[in-house]
Amino acid sequence: MGGAGVKSDVVTLNVLINCFCNMGRVDFGFAVLGDIIKQGFDADTITVCTLLKGLCSKQEMGEAMEFFNKIGEMGYPCNEVTYGTLINGLCKSGEVGEAVKLLNLMKKGRIEPSLVIYNIIIDALCKEKQLDEAQCLFKEMRERKIVPDVVTYSTLLHGFCGLGMWKEARGFLDEMGNHGISPNVVTFTILVDTLCKDGKVKEATQLFEEMRKRGVEPNVSTYSSLIHASCGSGQWEETMRLLEDMSGHNISANVVIFNLMIKHLFKEGRSMDALKMLQLMAQKGVNPDIITYSTVIHGLCICGRWKEGMQLFNEMLDTNKVSPNVQTFSIMIDALCKEGMIKEANELMKLMIQKGMKPNLVTLSSLMDGYCLQGDMSNAVKVFNSILNSGLELNVFVYNILINGYCKTKKLGEAFSLFRGMSKHKGLAPDTITYNTLIGGLCKVRRVNDAKELFIKMQHNGLTPSLFTYSILIDGLCTNSYFDDALKLFHEMEKGGTKANIVIYSTIIDHMCKTKNLKEARELFDSLSVKQLQPDTKTYTSMIDGLLKEGMLEEAEDMFTEMIEKGLTPNDVTFNVIVQGLINMNNIHKAVQYLNEMVEKGLLPDSMTISLIVDLLSVDEPNHECKEMLREFLCKG
């Protein structure tokens, strides 16, 4: 600057240092410091603090500490601002211990720490969950006659909340008032949010009302916490009331709030209401973001409306208002794979790559699962190998997909090879899902003893069988005629504290009926109400089948009526069981009645039912009227 005929001074050179530091070129800043010294100027607090701040922003804390130690040697006394700059840098870089040491050094040097410095360190300690140390500093500052402000109290309150100590946080809120410090909207919102997350919605609502009474108006974050809680607990009337309350106080619901509501509506299976909420969002002038689109597309795909999800995805591509990201692409690729549209899924992945996005583990796992669902293990393995070669970190979930594919295609050798390899080569421990898949696979190929051994091995390896584990093994034992073992396992499960669900009871009841143990089946069925379990369609169908096989038509029809009265819908299996039972009882007239009802409901007779009808028509049957009814039914079909 001097060479250009422009007179420079420390103020000007400090501005230049600040510019270089903001650019991340702290080295140039130090070069300017050299010029300051060469020109005979005295660097001031702004000079050294700017350079310190520059080093801290680059996380070069070693260099920052070294420079700080040289400041005194250079003849520039350290003051509160210098200490504060370095303390702030240390706290931001997670070196709160060093910050506390510097605070102690500051006190030894008879430099009085300010409220701001205490607040910075207390905040860092709270973020590190070192609440005892934070409270010690809080006590110390008061002993030094430094009066805590609303920031100090809010910081500590946030620290308590972060550890779920909302009662202690509430106590701090009351203490603020006792010391004449008024909590602000941030203070109240911190506590409201913690209460909501802890399921204390009633207490959160009371605090919400209290803040209003104390003249503190809630902001969008306060409402967001309450709306999240009310959505999560299914209190939609309260959610809508909060939205109206927001509007009445001229606070606009933002995209975050709408995203929360849409997500929870889809989670509850209320896809139509979720889409209405999307419309309301547009009416309120709130633009959807990538989270909105991804949430809606995912929700539509989950509830089987993937075509609408695809339309929305294409809208994103066409309008360019919000571009799909890796997550959005992955959602659609997964949906297409689940629909068996592997070709389209691959095309979408190519488009994703063309747009400069790299498929992640979720994307590739979805594609691999798609191939497994199709039984195309060759291509599934290719995707698995591409994951290995891509540098992405494999997890148990990925292995479970491929193991499941092998089990479904009855390639148990490959499944177990992968099972052994995941722990030997990748250090991954198989989880409950891995064992469940393999146990189910072994049962399907009638290797029941191996399945039982694996069940024991699973527990030896520290895994507790889930309800689903028991369900898979009990079903496998029943299917493979190991009914005594199934009953033994069933009783062991109950003794161990795992309560059987209706799926397991239905499996046991079904096998009892099939093996003509109707009395035991009936007793177990009647005990369900005591266990507060509601029989499902499968349970009733099994009981009806058992009753018909014993010639107990009236009881079977009563069971059918009871099933409908309970709000359960008979399926094709139910009707086929009834028709077959009636034909075997030679009650053709009633069988035809049920056949007609079945067809009216859009259900079809299975091959066994058709075979029985054809057999009846091929033999001499004295009841010509019934034979004619059967012929008419077949003609209708």
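Note: Cβ is positioned from N, Cα and C throughout, glycine not excepted.
Per TrEMBL, the feature repeat 'PPR' maps to 9-43, 44-78, 114-148, 149-183, 184-218, 254-288, 289-323, 360-394, 395-430, 466-500, 501-535, 571-605 (among others).
Here the repeat 'PPR' (501-535) has Cβ contacts under 8 Å with residues 467, 470-471, 474-475, 478, 483, 486-487, 490, 493, 542-543, 545-547, 549-550, 563, 566, 568 of the same chain, all six or more residues outside its ends. Mean model confidence for the repeat 'PPR' (466-500) is a pLDDT of 93. Long-range Cβ contacts of the repeat 'PPR' (254-288) within its own chain (Cβ-Cβ under 8 Å, at least 6 residues beyond either end) map to 220, 223-224, 227-228, 231-232, 234, 239, 243, 295-296, 298-300, 302-303, 305, 321-322. Sequence-distant contacts of the repeat 'PPR' (395-430) (same chain, six or more residues past either end, CB-CB distance under 8 Å): 361, 365, 368-369, 371-373, 375, 377, 380-381, 384, 387, 437-438, 440-442, 444-445, 447, 461.
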